[in-house]
């Protein structure tokens, strides 16, 4: 049995106590942008319930064009007004550089990615960079309530980047 | 008090029962790509615990360059081998077209996005499109275990797209 099959068995149990459907727009009018890291259970970390917040995640929790796209849709079509950015301690993005990652791919498959890997060397600096990218975008209209945090994988605590 | 402040109070409670740190690589060697929709609590839907799976999310659960980047990092650096794609019923991406969304932004701020909004008109077709994009990428090495689902927001059930 694959892991996917195992998780589908979990899903069958989930449906037994599921009550829906909830409305489409997030009831708390908030969008979260977080790293894909397995240790960040966004619903647990923030005490979110189903239906309350958009959750956008990728490697690093960085803001690239696709996060701008998602935030533009979130704010313009579905009414979110606050943004919470979450990076975290012990992040994999701290362990390599763009150059070496892209070179390893080129050596493996003969093609070098045209995109940035978005590795970074300092967590707080990169949270500020992600905020700066949102503030610099004409496509995300609501920028008055953007806050950035570093999640501590040892304690579960969100520490604000100021 | 902002919603963010309210969620930070939830975080303080989360830390009280938190035990960490867990290892960086996902213990179940799986990456999930899901829509950002507020009603999809990925950890609940799949019965995932902290530390088990990468979770990548955006508007639609579509596969763009940034999801390829995240999956490349997930597989090449952190050992994941299976991919689960999740779209869902009542998705906001079914309610507009790229052309009209981008035109509305152009009318609002004078700048038309150079990116695709990635709206779609059929859920199952778009799940297959996302799988096709992964299979077509030279940067994601492990493609033998990719499965796509539509989450039913009324029942909580994952229905496989075949």
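FYI, residue positions are counted from 1 along the chain as it appears here.
Just so it is clear, glycine is given a Cβ too, placed from its N, Cα and C backbone atoms.
Any TrEMBL annotation is an automated prediction that lacks curation.
Noted in TrEMBL for the protein shown:
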BINDING   B:35, B:37, B:88, B:91  Zn(2+) binding site
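Location within the structure of each feature annotated in TrEMBL.
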residue	record	Cβ neighbours (10 Å)
B:35	Zn(2+) binding site	26
B:37	Zn(2+) binding site	28
B:88	Zn(2+) binding site	24
B:91	Zn(2+) binding site	22
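Among the binding-site residues B:35, B:37, B:88, the ones whose Cβ sits under 8 Å from a Cβ of chain A are, in sequence order, B:37. Neighbours of the Zn(2+) site: apart from B:35, B:37, B:88, B:91, residues of the same chain with C-beta atoms within 8 angstroms of the site's C-beta centroid are B:34, B:36, B:39, B:40, B:60, B:61, B:86, B:87, B:89, B:90, B:92, B:93, B:151, B:153. Secondary structure at residue B:37 (Zn(2+) binding site), taken from DSSP and collapsed to helix, strand or coil, is coil.
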